[in-house]
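Asker: Got a structure for you, questions after.
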Amino acid sequence: ERPQTGRLALYLLGLRATCPPPKPHRALVTWLKYYLEEDWTGSQRHGHPLTSYYQYGLGVLALCVHHKRVREEVIRRLLAAQRHGRLGHSAVDTEAVLALAFACLERRKLVGVRLAAELRATVHSVSRSMAQAQGPEGIIGNIYSTPWALQVFLATGMCHTETVYSQAVAALLENLDAFGTAATMAQVLPVLHGHSYLDIASMHCQEELDTLTPLDVEPPTEVPGNKTVRLVVECAQPWCFELQLYDQQVSTPATASLLDVLWAATAQEPRFTFDTQDTPQGPYLTQVLGLEARQDKRNYWQLLTAPSKPLLMGIADYIPHDGETLILRLSKW
């Protein structure tokens with residue numbers, strides 16, 4: 001089983017933000033250090049961490065926030081992966097997480113002077129490249145990677161009045177309904193208040209009045225009826241015999257997500273199979289019709305709505321409309 005590096009890192013970041021007494025979480029920090037070593041053993045053998053550079057970056061960031069050092073060899077390997085473009089297809093998220101980890105290590109003086117200068121230069125380089133990658137609607141990468149990019153802008157002191165920053169914030173405000181899980185909310189809430197995860201490391205914990213009150217939330221209104229969605233599976237790889245591998249109409253309840261559509265397709269036709277991997281952002285599509293997306297082959301399952309518009313949400317969050325054509329395309333990054 002793969003080390004739970006990213007999940008434990010996120011938990012420790014959240015725990016530190018709540019200002020807990022030091023003793024209860026010391027054992028968890030030790031476990032995270034153990035997971036990082038296990039993860040890095042995989043990197044030495046396979047050329048990348050057993051989990052991903054994203055999860056590993058979260059682990060380094062969490063250790064830094066808890067004022068723990070990381071071996072210089074590990075930091076330099078992360079720097080090399082970032083410089084040589086080996087971070088995977090979700091590079092904006094991963095580059096941002098690594099940049100925040102580098103900035104934390106440099107600010108907390110947990111590395112030597114020479115390495116600190118390299119980390120500082122890399123963080124500013126990542127910030128500039130993300131600003132240049134901003135789309136016309138203000139989104140950087142996709143809607144979920146935009147909060148990470150904004151955290152990097154905050155870490156590098158980008159002025160809030162700069163157009164790239166304000167446009168990205170405006171894009172988040174227009175797409176807040178996309179952030180429906182605890183993990184995605186944890187990414188977007190700090191930047192909407194002008195903070196990044198780096199601020200957790202320098203928090204002054206003080207006693208506060210318990211002002212939290214339960215919120216009465218009305219259950220969502222059920223939309224009656226069904227919808228029909230056309231589901232298409234394509235393989236855009238040279239080793240595939242044909243581009244289109246599957247093309248069927250799938251009937252589901254009107255409120256069904258893309259994930260529900262995939263489950264309905266398996267019930268409708270047993271030959272249709274898929275698999276997912278749990279991530280902090282929700283389930284991630286890893287296999288369709290027996291074809292697996294693999295990091296070592298540099299491919300992934302791209303989600304599109306016809307004719308060729310990439311989806312900005314994950315499979316559990318996107319709600320297709322009646323008559324829509326959804327395309328799952330095995331693509332290269």
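Residue numbering: from 1, along the chain as shown.
Quick reminder: no glycine exception, Cβ is built from N, Cα and C everywhere.
For reference, TrEMBL lists these features for the protein:
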BINDING   51-55, Asp93, Asn142, Gln187, 284-285, 301-303, Leu311, Trp333  cyanocob(III)alamin binding site
DISULFID  Cys64-Cys104  disulfide bond
Asker: Using other CB atoms within 10 angstroms as the count, which residue among the binding-site residues Thr51, Gln55, Asn142 scores least?
Answerer: Asn142
Asker: Just checking, which of Cys64, Cys104, Leu303 (recorded positions) has the fewest C-beta atoms within 10 Å of its C-beta?
Answerer: Leu303
Asker: Give me the CA-CA distance between Leu303 (cyanocob(III)alamin binding site) and Cys104 (disulfide bond), in Å, as a whole number.
Answerer: 34
Asker: Using a 10 Å radius around its CB, how many other CB atoms surround Tyr53 (cyanocob(III)alamin binding site)?
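Answerer: Within a 10 Å radius of the Cβ of Tyr53 (cyanocob(III)alamin binding site) lie 25 other Cβ atoms.
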Asker: Between Thr51 (cyanocob(III)alamin binding site) and Cys64 (disulfide bond), how many Å separate their Cα atoms?
Answerer: 19
Asker: Return only the integer: C-alpha distance in Å from Trp301 (cyanocob(III)alamin binding site) to Cys104 (disulfide bond).
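Answerer: Between the alpha carbons of Trp301 (cyanocob(III)alamin binding site) and Cys104 (disulfide bond) there are 33 Å.
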Asker: What same-chain residues, at least 6 away in sequence, bring their CB to under 8 Å of the CB of Tyr284 (cyanocob(III)alamin binding site)?
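Answerer: Result: Thr276, Gln277, Asp278, Gly314, Ile315.
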Asker: Please report how many Å separate the Cα atom of Asn142 (cyanocob(III)alamin binding site) from that of Cys104 (disulfide bond), as a whole number.
Answerer: 25
Asker: If you draw a 10 Å sphere around the Cβ of Trp301 (cyanocob(III)alamin binding site), how many other Cβ atoms fall inside it, taking every protein chain shown into account?
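Answerer: So the Cβ neighbour count for Trp301 (cyanocob(III)alamin binding site) comes to 20.
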